Amino acid sequence: MALAAINPTELSAWKKLLSIFEQEKDISILEHFKNEPNRTEEFSIQSEEFLVDFSKHRISKKSLSALVELAEESGLQKAIQQYFEGTSINATEERAVLHTALRNFDKNSSASVDGEKVYDAVNQTLHKIEKFANSVNNGSWKGYSGKAITDVVNIGIGGSDLGPNMVVDALGFYHTHIKTHFVSNVDGDHVLESIKHLNPETTLCLVVSKSFTTQETLNNANTIRSWFLEHTTQDQIEKHFAAVSANVDKANEFGIASDNIFPMWDWVGGRFSLWSAAGLSIACAVGFNNFKELLKGAEAMDQHFQTASFDENIPVIIALIGIWYADFYDAESEAIIPYTQYLQKLASYLQQASMESNGKGVDRSGNNVTYQTGSIVWGEPGTNSQHAFFQLMHQGTKLIPADFIGFKKSLHGNKRHHDLLMANFFAQTEALLKGKSAENVTDELKKQGKTDAQIQALLPFKVFEGNRPTTTILGEKLSPKSLGMLIAMYEHKIFVQGVIWNIFSYDQWGVELGKQLANAILDDFKTNKFNHHDASTAQLLKAYQESK
Ligand SMILES: O=P(O)(O)OC[C@H]1O[C@H](O)[C@H](O)[C@@H](O)[C@@H]1O
């Protein structure tokens with residue numbers, strides 16, 4: 001039985017939260033600190049790699065405990081069990097959601113699909129990934145002219161691109177000599193730009209597509225195959241292509257040797273597939289051992305998520321905080337601000353993971369929801385973002401809860417830079433919390449020798465009200481393991497929110513419409529007839545055609 005449908009707004013905890021919200025909505029975070037002397041300890045969780053401090057939120061002990069009650073009343077405990085065991089919780093596609101099984105190293109794991117345990121299949125594929133990545137890394141995999149591989153190109157889009165791409169970037173410090181490239185957009189300029197400096201003799205392509213029907217991926221793979229054929233013969237192509245797909249026939253049809261096809265399973269969603277063979281580019285880029293460490297990190301977070309009580313459970317708490325702001329404070333978005341350049345692609349990865357999962361307006365009974373679901377996720381690394389959009393976070397009219405992610409140690413070990421970086425990291429969350437009072441601004445301006453009249457004129461612009469909420473996620477060091485934990489933390493946050501919002505997080509029907517319409521327009525290009533489109537689109541299509 002899939003997840004039970006429970007309308008969250010009918011739960012007593014939701015009603016309790018509504019009344020607490022009315023009583024507490026004007027209490028500032030600083031006042032919460034005054035009212036709750038042990039707030040720092042009580043609103044922090046220390047896990048193996050991270051200290052998560054969620055004390056800088058518009059949440060009191062009372063609201064937090066009502067939020068935890070909401071999780072309990074929503075049947076979250078049972079839902080977690082179903083998620084990890086392999087129940088078909090992706091009900092509209094009749095599939096299990098078992099990416100957690102890809103990083104479960106316990107032979108006795110009960111994760112199974114249709115009564116069959118998945119451990120053996122996962123383990124076999126992991127060995128195949130190991131063999132493949134080792135042969136690329138130790139130079140025994142040769143191209144058509146007998147040279148070892150130097151460059152790996154991942155061809156995929158959406159979940160078959162964003163996760164591996166983000167992780168390869170994030171673990172740049174741990175890279176082997178293999179250079180990795182990602183081609184995703186159907187824009188021919190993307191693929192041609194990506195291969196223009198590559199040597200076909202030493203380039204290996206990974207075509208990653210769960211369905212093996214995705215327009216972008218197939219077209220890019222065809223373009224790259226043609227590029228190879230300008231340099232070598234058809235029979236040599238297999239030395240330069242591997243595929244990762246649930247559709248082995250289609251991959252064979254494309255001309256990829258059966259030995260070079262890695263399985264994907266329908267019980268792993270594309271946006272959660274980086275732990276599977278879809279992560280081949282990761283294993284090539286950082287070596288298999290580091291790939292395994294990444295999986296182990298995720299497994300550690302899975303353990304924490306399954307066993308910690310809700311009030312000390314990192315994914316549960318961050319999910320509840322998100323719900324509190326989305327549904328009670330009407331916040332529309334949340335920002336992800338990593339203070340490490342290595343995580344520059346984290347926000348765009350989380351955009352798909354979160355927004356494709358929880359961007360749903362219909363509940364599990366098929367009714368329109370009457371409350372807010374998935375938030376807009378966005379962000380950029382600090383300190384760059386401080387010089388870009390932080391103005392709006394500090395003094396704008398929007399409420400934007402933000403996650404600040406930083407690490408105690410830098411990877412290259414430059415202490416001066418790291419102190420500068422982390423000073424900014426801590427300063428920003430403090431400034432967002434405290435703002436800047438009229439008193440402080442006045443003192444500052446007096447010291448600068450301004451007159452009283454000048455001070456009065458400048459005051460409104462220089463005062464920051466503060467009270468802007470942040471979660472601080474302070475890690476030891478960015479490593480394959482800590483990255484695995486961090487990604488799994490967000491995956492489980494998404495799951496928890498989907499359960500409480502009573503929506504199906506693991507389908508993505510909304511993506512289909514655009515694909516269908518684009519195919520129809522491709523047909524229109526052939527007939528040159530556009531009048532069945534709306535007037536604006538017809539005009540634009542004609543203008544485009546005229547330039548051909
Ligand atoms: O891996 P593929 O089958 O090529 O799919 C690639 C992507 O296609 C669509 O955009 C889906 O919405 C994504 O979830 C998926 O990751």
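From the backbone N, Cα and C atoms, a Cβ is placed for every residue, glycine too.
Feature annotations, courtesy of TrEMBL:
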- Glu356: active site, proton donor (ACT_SITE)
- His387: active site (ACT_SITE)
- Lys515: active site (ACT_SITE)
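Comparing the active-site residues His387, Lys515 by how many other C-beta atoms lie within 10 angstroms of each C-beta, the top residue is Lys515. Annotation for Glu356 (active site, proton donor): same-chain Cβ neighbours under 8 Å, separated by at least 6 residues, are Gly158, Arg271, Gln508, Val511. A straight line from the CA of Lys515 (active site) to the CA of His387 (active site) spans 37 Å.
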